[in-house]
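Noted in TrEMBL for the protein shown:
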DOMAIN    4-247  domain 'Carbohydrate kinase FGGY N-terminal'
SITE      Asp8  site 'Important for activity'
BINDING   Gln71, His72  substrate binding site
ACT_SITE  Asp240  active site, proton acceptor
DOMAIN    256-434  domain 'Carbohydrate kinase FGGY C-terminal'
Amino acid sequence: MTLVAGVDSSTQSCKVVIRDAETGALVRQGRAAHPDGTEVDPEAWWTALGEAVDQAGGLDDVAAVGVAAQQHGMVCLDESGQVVRDALLWNDTRSAQAAADLVAELGGPAAWAAAVGSVPVASFTVSKLRWLAEHEPDSARRTASVCLPHDWLTWRLAGRSGAPVTDRGDASGTGYWSPATGSYRTDLLKAALGSVPQLPRVLGPRDGAGEVRLARDPRARAWGSAPVQDGALLAPGTGDNMAAALGVGARPGDVVVSIGTSGTAFAVAEAPSADPSGAVAGFADATGRFLPLVCTLNAARVLDAAARMLGVGLDRLGELALAAPPGAGGLVCVPYLEGERTPNLPDATGSLHGLTLETSTPGHLARAAVEGMLCHLADAFDALGLDPARVLLVGGGARSEAVRRIAPAVFGRPVVVPEPGEYVADGAARQAAWLLGGTDEPPVWEGGASARYEADPFPEIRARYAEARPLG
Ligand SMILES: Nc1ncnc2c1ncn2[C@@H]1O[C@H](COP(=O)(O)OP(=O)(O)O)[C@@H](O)[C@H]1O
Ligand SMILES: O=C(CO)[C@@H](O)[C@H](O)COP(=O)(O)O
């Protein structure tokens, strides 16, 4: 049996799956937590990857590895390849003003959409680099190259040999690479940072990124006890949403909603997109196609926060929500707990509307949190402007039975939840298998059983949410 490994280095944790390259059967897996916070020393991702690999029984018998990671994170390296400062993550909003300035300087949102398919907000790498130039000029001057979390991890697995490389999907989240032309816009990078540091070469979906070379990295030997033998091929890797699309085998026509730290709604498309409103980011995917995507800052952690407020676990939160009436008796949660990206309200806070003596119960609050999060995601889904027969629901939040059962009423269409799994890591593993196979399209892996959820539409939930949303 030929084995491949897929890595998901996402916001909250690192997950590793090891699968049979031919059938996709899961053989082993591991996971490790990432630190909290919106700026992180990349070394913490490396340590977590080591723990997750160790838990997954090592990479010794693996023929190829693919790394997917959270998008947009700014990893600045100096002349010697050392990290200049902690990486600013996609959910760090300090670069909101920098983004607004960049948009104005180029002549407005439509000019950015035409140039790179997306309108920068605080999340985009280009905005973070402008923030760096303005607030930490010394770090900006020391920055000899800039890469993304998955580029950096792949380069570390390659024993830091050569320079970091990237792929179309992740490059499309920088704000200085155009999915439509397939080229960097170094003029936009220079306008943001004041200089043009070295940039990762953009690999095609089936290009190799070198080989695992850990023997030369003394710190990798401190990873753990599981064996890691050098020589496995490295796939190009990609951003976590692109890998999720590959992991669920999304085809043109499918719409996927992912409930992770971020909430995302995305679709595989044959042509690039450019939304001048900025709601839809015109990303590239990991198969040579495109991935129009709407991203929110608030998703699964809204459930975490509600559970914390009620002093219960996530399972109990779900039970409480399901026992409460649809619409939560008029209690509405607008879940902007971390500010928001879509709509672009970086300083917003969350709020509850419709509190009465009747709705002041744990059940109503739990229901309002689930419904508010789903209404927010349904707005993201609507922004794509598509009308699919069903929605594919993935991400940590999709493990909640309450989310699965309430989602079809909010989305107004059936929701299909693939067998619970690590779809980002699976997509990265599938990319690794594709590299080995050398076929035109990714290998077809038999999916597990998916569950279909249907419910009568309950339009009042979204109507009340739409009334409460502008009130903040
Ligand atoms: N059984 C569950 N019910 C509700 N939420 C869950 C459950 N299991 C995991 N989660 C949520 O999944 C989230 C993590 O999702 P994940 O997709 O792994 O995030 P990320 O990829 O951004 O690190 C947590 O915030 C947690 O709230
Ligand atoms: O910024 C985006 C997409 O544009 C986020 O989706 C990040 O890619 C983080 O993803 P998760 O850690 O929530 O999966």
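Cβ atoms are placed via backbone N, Cα and C, with glycine included.
Automatic prediction, not curation, is the source of TrEMBL annotations.
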Cα distance (Å, whole number) from the residue listed as 'active site, proton acceptor' to His72 (substrate binding site):
10
List every residue in the same chain as Asp8 (site 'Important for activity'), at least 6 positions away in sequence, whose Cβ is under 8 Å from its Cβ.
Cys14, Lys15, Val16, Ala68, Ala69, Asp240, Ala243, Glu422, Val424, Ala425, Ala428
Mapped DSSP class for Asp8 (site 'Important for activity'), helix or strand or coil:
strand
Provide the number of Cβ atoms within 10 Å of the Cβ of Asp240 (active site, proton acceptor), excluding the reference atom itself.
32
DSSP-derived structure type at the residue listed as 'active site, proton acceptor', helix or strand or else coil:
helix
